[in-house]
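Enquirer: One structure follows; several queries about it will come next.
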Amino acid sequence: MYASREDIGYDFGDDSKVGSKPIKPNPNIDGGWAWMIVLSSFLVHILIMGSQMALGILNMEWLEEFNQSRGLTAWVSSLSMGITLIVGPFIGLFISMCGCRKTAIIGGILNALGWILSAYASNVHYLFLTFGVTAGVGSGMVYLPAVVMVGQYFQKRRALAQGLSTTGTGFGAFLMTALLKYLCTEFGWRNAMFIQGAISLNLCVCGALMRPLSLKDVSEKYVVRSSSEDNQAKALSHSAETIKSNGVFSEEPEKEEEAANEEVLDSVQHREIGGKFKSGRKMYGLRILKTVSQLTVTVKKGFAIWYSSYFGAASLFTNRVFVAFIIWALFAYSSFVIPFIHLPEIVKQYNLSSQNNIFPLTSIIAIVHIFGKVILGIISDLPCISTWNVFLMANFTLVTCILTLPLMQTYVSLAVVCALIGFSSGYFSLMPVVTEDLVGTKHLANAYGIIICANGISALLGPPFAGWIYDITHKYDFSFYISGLLYMVGIIFLLIQPCIQKKQPREKSTEQAQV
């Protein structure tokens, strides 16, 4: 009945020997400090994604302050949201070199700096640099580690953990909207951004909570995973195991090089002590040389892993299902963002403003979205349920709602469709789980960085494209139809590639039998 990996068409090697070894489960996997990681990720989603969902408050202040066009002013928010996701692949490089904790702490400082500098903006173009780029890059440096760390600490309840942590986006949308509205009313938008920058420094605390797993903990997690999946399905032939088998990610050369450097430096140090040089200045120079050497090895190792993930012989792009996943991500996110932008205008067009003011349709999406993430996460963690199938069913439901929403002309019907959009879009919490199933935990940072980069491009270009379609047709209907059809194309790619993956091994085995 369990079909997520088998449906995708992958194949693991036989790990039964490893799985048969008795091993004491680590308390930090699926428990203990793992729940502190969930709390940290939850707070990151509140402070970053929640704040970005509340930028409409500041957007109105910027329009009044700078007297620029709506299109130009809107690019400030779009840049911040888009860059947060687009920088994902480059943040993967920082994670490979520095780890999640250091990357998140640096990102928290950069994000706070962007907010504080934006308080002194003299024009919109100044905000492009301080808020759009600086705060956006800082947000990306915290967001990706927050997602990756949850994937590292959880095995049995990954979907639930990701669902709980990402609900911070919905809570943050409500909290940050109320907070920014209050701060702008009481202190003005400049002081509000300064205060928000101070609040954003708590991202450094969230980063400090991201305690890395030891090598022993990681190995125990892999053993537990292989033993639990041994009787369910053979999985992921082009995933992490295939990538490791190509040798590009082998850590032996780096270890040997690091050991050689250590031996040389130690031998020199002993000679200095026992022979010619005993002065403190010479010893201080040796310590600096040793530190620089270790840093060089770390940077070189991290860059090698990052580079080979994208461009080497073991590139993630050799995994066809992962490539299909990227194509899907290019179309999916805009279909979720567009309703938030155009729903108020559709409500106004159908003369439903009075009902919408009582309970806005966008609020319905946000509230149900929170429950959707948790419920879909619980369902996906059931042993008899396939995460892959839940992910696809949620996508089919969402694309159906996008295509049918323009046909709804009453408040009740629109509310029902919006509730379904909110619930089905809860599959966002499953994206890290599906990505980890495709490439493995070791390469989750680089792989998920590519996925959120594709989402960022979709979020950056989708709404302007929808607006351009409206300018041509003077109807919002075609914006939903076109985005829905493009979304369907992405889903079709997800359905086709697993079939191809299954078919190819069968063809190869037939050819070998004939020979």
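Any Cβ shown, glycine's included, is placed from N, Cα and C.
The following feature annotations were taken from TrEMBL:
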| type | residues | note |
| --- | --- | --- |
| TRANSMEM | 33-55 | transmembrane segment |
| DOMAIN | 37-502 | domain 'Major facilitator superfamily (MFS) profile' |
| TRANSMEM | 75-96 | transmembrane segment |
| TRANSMEM | 103-121 | transmembrane segment |
| TRANSMEM | 127-148 | transmembrane segment |
| TRANSMEM | 160-180 | transmembrane segment |
| TRANSMEM | 192-210 | transmembrane segment |
| TRANSMEM | 321-343 | transmembrane segment |
| TRANSMEM | 358-376 | transmembrane segment |
| TRANSMEM | 388-408 | transmembrane segment |
| TRANSMEM | 414-435 | transmembrane segment |
| TRANSMEM | 447-466 | transmembrane segment |
| TRANSMEM | 478-496 | transmembrane segment |
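Structural setting of the listed features?
Expert: Same-chain residues lying 6 or more positions outside the transmembrane segment (414-435) and placing a CB less than 8 Å from one of its CB atoms are 147-148, 150-151, 158-159, 162-163, 165-166, 322, 325, 336, 339, 343, 346-347, 352, 359, 361-362, 364-369, 371-377, 380, 387-388, 390-391, 394-395, 397-398, 401-402, 404-405, 408, 444, 447-448, 451.
Non-local neighbours of the transmembrane segment (478-496) in the same chain are 321, 324-325, 327-332, 334-335, 338-339, 342, 392, 395-396, 398-399, 402-403, 405-406, 462, 465-467, 469-470; each lies 6+ residues outside the stretch with a CB under 8 Å from one of its CB atoms.
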Enquirer: How about the transmembrane segment (33-55) and the transmembrane segment (447-466): do they have 3 or more C-beta pairs under 8 A, pairs 6 or more apart in sequence?
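Expert: No, these stretches are not in contact.
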Enquirer: Give me the mean pLDDT over the domain 'Major facilitator superfamily (MFS) profile' (37-502), rounded to a whole number.
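Expert: The answer is 78, the mean pLDDT of the model over that range.
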Enquirer: Are the transmembrane segment (192-210) and the transmembrane segment (127-148) close, by which I mean at least 3 Cβ pairs under 8 Å that are 6+ residues apart in sequence?
Expert: yes
